[in-house]
Amino acid sequence: MSSLSCPTYRSRTSSSSPFLSNHHHSSLINVVDPRRSLSFHYASPQGLNLAELCVVRSQRRSVQSSVVVQDGSVATESSSSEEAKDVGVLTIPSLEADKVVAESDGGEQLSTVSITVVGASGDLAKKKIFPALFALYYEGCLPEHFTIFGYARSKMTDAELRVMVSKTLTCRIDKRANCGEKMEEFLKRCFYHSGQYDSQEHFVALDEKLKEHEGGRLSNRLFYLSIPPNIFVDAVKCASSSASSVNGWTRVIVEKPFGRDSKTSAALTKSLKQYLEEDQIFRIDHYLGKELVENLSVLRFSNLIFEPLWSRQYIRNVQFIFSEDFGTEGRGGYFDNYGIIRDIMQNHLLQILALFAMETPVSLDAEDIRNEKVKVLRSMRPIKLEDVVIGQYKSHSIGGVTYPSYTDDKTVPKGSLTPTFAAAALFIDNARWDGVPFLMKAGKALNTRSAEIRVQFRHVPGNLYNRNSGTDRDQTTNELVIRVQPDEAIYLKINNKVPGLGMRLDQSNLNLLYSARYSKEIPDAYERLLLDAIEGERRLFIRSDELDAAWALFTPLLKEIEEKKTTPEFYPYGSRGPVGAHYLAAKHKVQWGDLSLDQ
C-alpha cells in the first residue's frame with residue numbers, strides 16, 4: 001500500500017463533490033484555495049502525495065471551489081491567495097467538511113458515500129479493489145461517513161467477507177504503528193449481501209441495507225461492476241431502479257471489455273444509457289491511472305524542452321510496448337474470446353497514444369482533455385492488415401523447464417487462431433503527425449514484463465560527428481523512454497564524448513528512476529481511479545465517443561483477420577516474439593527500442 005496523504009478540504013461542486021448533492025447548492029460560498037501558489041510543474045511523485053495531488057486537481061478544474069469564509073465574504077476562483085487571506089479563510093479538515101457545509105445551509109443532514117463492489121468474490125475485487133479502498137481509507141481520503149458492501153452470488157457472511165478481504169490488505173511500505181488498528185477500523189465498514197445480478201428483489205434488499213448504514217444522511221452511491229460484461233446491463237438495470245440514491249449522486253464504474261467491436265460496444269452503451277446518464281458511467285482503463293501515464297501530459301506541457309519537439313519535424317517514430325512474461329494459464333477460455341488486440345491494443349495502448357499525440361487542450365478540465373483525445377482517434381488512418389503482425393506462443397523449454405503452448409490450455413479450443421501477440425504500425429493524418437509511424441507491440445509469454453513508451457527522434461542533419469559514431473546511425477538516435485512498469489522511470493538517451501584522448505562518442509542516459517529519487521511508494525492505479533470516481537473527476541475515464549472512435553479504428557482490422565482466418569506466426573514461450581515484428585518495423589525504417597542494451 002502506498003504512502004499518501006489527503007487534502008485538508010476538498011473542492012465542492014454539483015458535478016464532482018462526493019459529499020454534496022443539489023440539495024446544498026444554494027448555500028455554497030465560492031473561495032480560492034489558499035495554496036494556489038503550487039505550480040503545475042508539481043508533477044510526479046510529489047504528486048504521489050495526494051494532498052498536493054488534490055490541490056492541483058482543484059486548481060485545474062474550471063469549476064469553483066467552496067469553503068466557509070469567516071465574515072461571509074465571497075472569494076472567487078480568480079481571487080489571489082492574498083485576497084483569500086483578507087476575507088479570512090477558514091480551513092476545514094476533510095473529515096469535518098461535509099458537516100460544516102451542511103450546517104452552513106441551516107440543516108443538520110450529513111452526507112455519506114456507499115460503495116458497492118458487485119462481483120466481490122472475484123479476483124479483481126480481492127486483489128485490486130478492496131486493497132485500493134483500504135489504501136484510500138488509510139490515508140484519510142475517504143469521507144468520514146462511508147460504507148463498503150460486497151455483492152455477489154456466493155453465499156457469505158459479513159465476517160467471512162472481512163476474512164477474505166483482510167488477506168489482501170497490507171501496509172507493506174509505510175510500516176506505521178497503527179496499521180493493524182486501521183485495518184480493523186476499515187473491515188468494520190465492510191459488509192456483504194448475497195444476490196443474483198439480475199434480481200430486482202435482491203437489489204431492493206441491498207438498498208434496505210444501504211439505507212440502514214446511511215442512517216438518514218444524504219446518500220451518494222458508487223457501484224463498481226467487477227463482473228463479466230454479459231451481465232453488465234442486468235446489474236445496472238437492477239441497481240438503477242432498485243438501489244440508486246434518491247437524494248444524492250449514483251455512479252457506476254464499468255470494467256473492460258466494452259464490447260468486441262463497434263456494433264457490440266454501441267449496443268452496450270445504448271443499453272447502459274437506458275438506465276444511466278453518460279456522466280454516471282465511469283468506463284475504467286486502469287492504465288490511465290498509472291503514475292507515468294498521468295505524468296505524460298505534465299512532462300510535455302510543463303517542460304519547454306519537450307513541447308517544441310513534439311511533432312513530425314523532430315520525432316521519427318513513437319513506440320508503445322507492452323509485454324508479459326507469462327501466458328494465459330488459467331484464463332485461456334476468457335482470453336480466447338478477445339485476443340491480444342482487443343485485450344491490450346484497442347484500449348490500453350490506444351488510450352496512451354491519444355494522450356501522447358493530442359493537441360494542447362483548452363484546460364485540464366476532463367471534457368477539454370477528452371475532446372482532444374477524440375480528435376486524435378478520428379484523425380487516425382485505417383489500419384491495413386499488411387501493417388500488422390500477429391503471433392501465438394508455442395511450447396518451449398527454458399532451463400530444463402518446459403512451458404506450455406497457448407493451445408495446451410484445456411480451456412482453449414484446439415486449433416485456435418487467437419493471437420497472443422500483435423504488432424502494428426498506425427498513422428495519424430494531421431499536420432502535427434503526418435508520416436510519423438506509431439508502432440504498437442503487445443504480447444504474452446515473452447521474455448520480460450514491461451510497459452513503456454519510446455520516442456525516437458530524428459537524426460541530426462549534417463552531424464559533424466558521424467565519423468566518430470560508427471556506421472549505424474540508429475545507435476546515436478536520441479530517445480526518450482517513459483517506463484510505465486516495472487521500476488517506473490523516465491530517461492533520455494544522449495550522445496556524449498568518452499573521457500580521454502581522442503574523440504569517441506558514447507550514448508548515455510539522463511535517468512530519473514522513481515525509486516531512487518522518491519521515497520514514497522507510487523499509488524496503485526486503482527487507488528487514483530477510485531478516488532477520482534468518488535470525487536466525480538472524469539479525466540481518466542473513457543467517454544462514449546472515445547470508445548466509438550477506438551472501435552471504429554480496430555473493428556475493420558479485426559473483422560478482416562477473422563474472416564480471412566489469418567494464421568498467427570508462432571514464437572517460443574519466453575522469447576522476444578515473432579520474427580515478423582522485426583520485419584514490420586524495418587518496413588517503416590524503425591528498430592524496436594526495447595531490443596537495445598539499456599533494457
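Each Cβ is built from the backbone N, Cα and C atoms, and glycine gets one as well.
Now, the feature entries from Swiss-Prot:
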ACT_SITE  His348  active site, proton acceptor
BINDING   Lys441, Arg454, Arg483, Tyr491, Leu492, Lys493, Arg576  NADP(+) 2 binding site
COMPBIAS  1-18  compositional bias 'Low complexity'
DISULFID  Cys171-Cys179  disulfide bond
MOD_RES   Val67  N-acetylvaline
REGION    1-23  region 'Disordered'
TRANSIT   1-66  transit peptide
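A map of Swiss-Prot features onto the structure.
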{"residue": "Cys179", "record": "disulfide bond", "Cβ contacts under 8 Å, 6 or more apart": "Tyr138, Cys171"}
{"residue": "His348", "record": "active site, proton acceptor", "Cβ contacts under 8 Å, 6 or more apart": "Asp285, Tyr287, Phe322"}
{"residue": "Lys441", "record": "NADP(+) 2 binding site", "Cβ contacts under 8 Å, 6 or more apart": "Gln319, Phe320, Ile321, Phe322, Ser323, Ala422, Ala423, Ala424, Gly577, Ala581, Trp592, Asp594"}
{"residue": "Arg454", "record": "NADP(+) 2 binding site", "Cβ contacts under 8 Å, 6 or more apart": "Val318, Gln319, Ile321, Glu479, Leu480, Val481, Ile482, Gly593, Asp594"}
{"residue": "Arg483", "record": "NADP(+) 2 binding site", "Cβ contacts under 8 Å, 6 or more apart": "Leu292, Ser450, Ala451, Glu452, Ala489, Ile490, Tyr491"}
{"residue": "Leu492", "record": "NADP(+) 2 binding site", "Cβ contacts under 8 Å, 6 or more apart": "Asn478, Glu479, Leu480, Val481, Asn509, Leu510"}
{"residue": "Arg576", "record": "NADP(+) 2 binding site", "Cβ contacts under 8 Å, 6 or more apart": "Leu446, Asn447, Leu595"}
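Counted within 10 Å of its Cβ, the other Cβ atoms near Cys171 (disulfide bond) come to 19, all protein chains included. For the NADP(+) 2 site, whose binding residues are given in the record as Lys441, Arg454, Arg483, Tyr491, Leu492, Lys493, Arg576, the maximum C-alpha distance rounds to 24 Å. Cβ neighbour density within 10 Å is lowest for Tyr491 among the binding-site residues Tyr491, Lys493.
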